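Let me begin by presenting the structure, written as structure tokens, before commenting on it.
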Amino acid sequence: MMEGLAVQLRNPLLLYPKLKRAIPTGVGSGDFGIVVGALPSFSHSLKPFRAFTITRTRSAASPSQAQLLTEKEKEFDNLVSGDSIRQRFLRFYASRGHKVLPSSSLIPDDPTVLLTIAGMLQFKPIFLGKVPRQVPCATTAQRCIRTNDVENVGRTARHHTFFEMLGNFSFGDYFKKEAIVWAWELSTKEYGLPADRLWVSVYEDDDEAFELWSNEVGVPVERIKRLGEEDNFWTSGATGPCGPCSELYYDFHPERGYDDADLGDDSRFIEFYNLVFMQYNKKDDGSLEPLKQKNIDTGLGLERMARILQKVPNNYETDLIFPIIEKASKLANVSYGTADDQTKRNLKIVGDHMRAIVFLISDGVAPSNVGRGYVVRRLIRRVVRTGRLLGIKGDGMGDLEGAFLPNIAEKVVELSTHIDSDVRSRSHHIFEELKREELRFVQTLERGEKLLEEKLANALSSAEKNGTAPCLSGEDVFLLYDTFGFPVEITKEVAEERGVSLDINSFNTEMEKQRRQSQAAHNTVKLAMGNGANIAEDVPDTEFIGYDNLYAKAIVQSLAVNGDPAAQVSEGSNVEILLNKTPFYAESGGQIGDHGLIYIEEGENQLKAVVEITDVQKSLGNIFVHKGTVRKGVIEVGKEVEASVDVKLRQRAKDHHTATHLLQAALKKVIGQETSQAGSLVAFERLRFDFNFHRPLLDSELGEIERLINEWIEAGILLQTKVMPLADAKRAGAIAMFGEKYGEEVRVVEVPGVSMELCGGTHVSNTSEIRGFKIISEQGIASGIRRIEAVAGGAFIEYVSARDIHLKQLCSTLKVKPEEVMTRIESLLEELRAVRNENSALRAKAAVYKASVIASKTLLVGKSEQYRVLVECLDDADPESLKSAAEYLMETLPDPAAIVLGSCPGEGKVSLVAAFTPGIVDLGIQAGKFIGQIAKLCGGGGGGRPNFAQAGGRKPENLASALEKAQAELIATLSEKGN
């Protein structure tokens, strides 16, 4: 016999769509339920589900029934997991006619934003009317990144750098009523949120939304708040689409009542669903005009809904993030449950940032000092320094020289399956990138510690001299924080141990400057209505026929000069031409646009009008813009023209594009399958391929890559091109091109047995067309990113021919055979080195001779004239000669002696050296520090040992005054010491 909790369901099959039948529990006639034994976590998760009531049951359960109930308990637990919340949202809207679309990359197509910061971003061209809708309505689970509030991560219950935004979108299909009703149904029926815990906000003037919530849905007016423009009116910028919005809030403390309820009170409310009613266009004068097509843009925060349904105190303790926190806790040997607030905050930072880092790197962002690369580098450094605060040493598993980020990233990859299935296949690259970046930063962090010690010493010295309290400036604290990734907490702790305070106000000012820059760069989606929208209404997509044809007759759909529409354009003008169909390839996928002619014939072999096309770009979706110059006659809208692609240049593009595919395949064979594309350029004269790799390629590796590619070219492999569903292409193993956005149907280019890639570019029919391939250069362009430049086809022939000409000229000049060139060059270099060494020796001897002459100019300083000071200029002596002269004087002048020499070895160059004998150094006067200050007067710097140091500068005109100052300071200091 067992006595437990029974949960009565009014409609068990609604909440259990997978159940074939309900489970009788014996609660009473016609009752159904699920027995829950002593499972506090399970009963805990039931509280939000309003469709349930909790009652007592005294029914017996057989062992077989108990086993069945345990299985169903597990199934119910899955209903409130983060993954299930995501799937239920998508299914809910799919059942209401929405097309489920995949999340777009964190690297957006939109050049106005650095990273994908909102679910609507991929639909921006549709909202603007620049691209026709493909479906009337859609739903997505979009990965997003925002770093403008990074300091709040871990401090609040809801701030994140990485989050998922679940959204439903209407493109002129349904509008306000359906959006509101469905949002309520999703919240209360699908997710089971208690209706009496939900509050709503509307724009203060949006009476329609207020009435819908009140009368249609039935929300009490006491729980509907009218808010102002700042809170509830969405705008994309100074002009463009805009409209009121409405938000749903969950109330954690309904017992506080309605009076003075503030929806901004994070301790009581959390906003979880935002509905934007995009119904106006804001004009230049600020007035609003109704949009022809009214749209819906919504966003439901997955992490926020998971927090509500899983009944945890913050987003971090949901199953979306907490497993990562647990992994970090294990490496740090701490318990999250018993940790203090600061330790918990640090663990939350690690849990949040690691998600952002892994997905950014997976989407192709490599750590660097600019743009997106700086975002991911800063997050990595923040996790590394936070890990040190937590006490993680090395890799956290015993290797003190190892890296811990890859160990935590393993958990992120494990959790990524339902977010982005590609992350797992890229995991090796992600782990390697994290390891390299962490180990490199640890060295930077150690330099930061040394810099902090130096800054503290300066603060103490300055305070002692001025009679003030020692204080570290805000600029120095910010430098340590931003450049060296040094935590303010550690800076403060170390400073206080030394009796030094921090200028926190000044530091906060510097932080605010950076925050404003970050917000401007990362948190604005710019939409603007312009001529593009009108063109989109009037001009259909361009039909591209250029895969099979390089010539076509077409109709001029539109003309523009300097961005302004034109009916006709005359000779000498630059023009942009839209055709109804075209053989010209428009720049995309790294391949540049075709060149050629658009012309009108007049009689046999006579041209009435000619436009030379030098670029073709895609605009407003799939409209091809042909850019060129009218070389003859007049081009007019509505006229039939002939479009002809430059055959030779197209062939060069085809050669280079197919060679790029072969290059990627060869790289994977030679340096490893984990390497992936990070960018490319397919031009007429060369190809460029960027890829992820942590070191320069060896000459032997480059040779093997060239050998493989030329072997495939010689084999004459016939290419295969197919159009298929994206899912089928991925299953077949096709590689996606970096930065490209794909539809449901994709074009797959395969070199059988060599490579298979998703690609819309133009390619050769047979690899033998390429004729040859040669790597021109291989270099690093960013941390972890290498670049290969190469030539193929006609460009390869030209390159080899040019090199052959150069070699013949070299042979003629050196009077040797080609195979003897290197031997002859090595011989010449050896002769040159010998002459240079001889010249240096002579210059050094000359400098020593000059030193012996100027030794007589030594000044005697001090009360007993015991100190010798010699400061002189040795004209144009080079640094080595100056050094020899100083060493000679140190050996010949009696101790104690201070020697400073200067020279101007070339235009715009200054050379300085300071040599102090032991008797001078014992007085606390150091050559390195002394000469560094003198060098600054000559626009330079330098330093060295206490007894010998060299420096340089860029202002020879200041050398005389600098030497005078050096002599004056030495005399003054030694006179004081001598007394």
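These residue numbers are counts, starting from 1, taken along the chain as shown.
Every residue, even glycine, has its Cβ placed from backbone N, Cα and C.
Remember, TrEMBL labels are computer predictions, not curated facts.
What TrEMBL lists as domain 'Alanyl-transfer RNA synthetases family profile' is 80-802.
Among the features that TrEMBL reports, Zn(2+) binding site is placed at His657, His661, Cys759, His763.
Surrounding the centroid of the Cβ atoms of His657, His661, Cys759, His763, where the record places Zn(2+), the chain contributes additional residues within 8 Å, namely Lys654, Thr658, Thr660, Val682, Val749, Glu757, Gly761, Thr762.
For His763 (Zn(2+) binding site), the same-chain residues 6+ apart in sequence whose C-beta sits under 8 angstroms from its C-beta are Lys654, His657, Thr658, His661, Leu719, Thr721, Val749. Neighbour density for Cys759 (Zn(2+) binding site): within 10 A of its CB lie 27 other CB atoms from the protein chains shown. Each of the binding-site residues His657, His661 was scored by how many other Cβ atoms lie within 10 Å of its Cβ, and the smallest score goes to His657.
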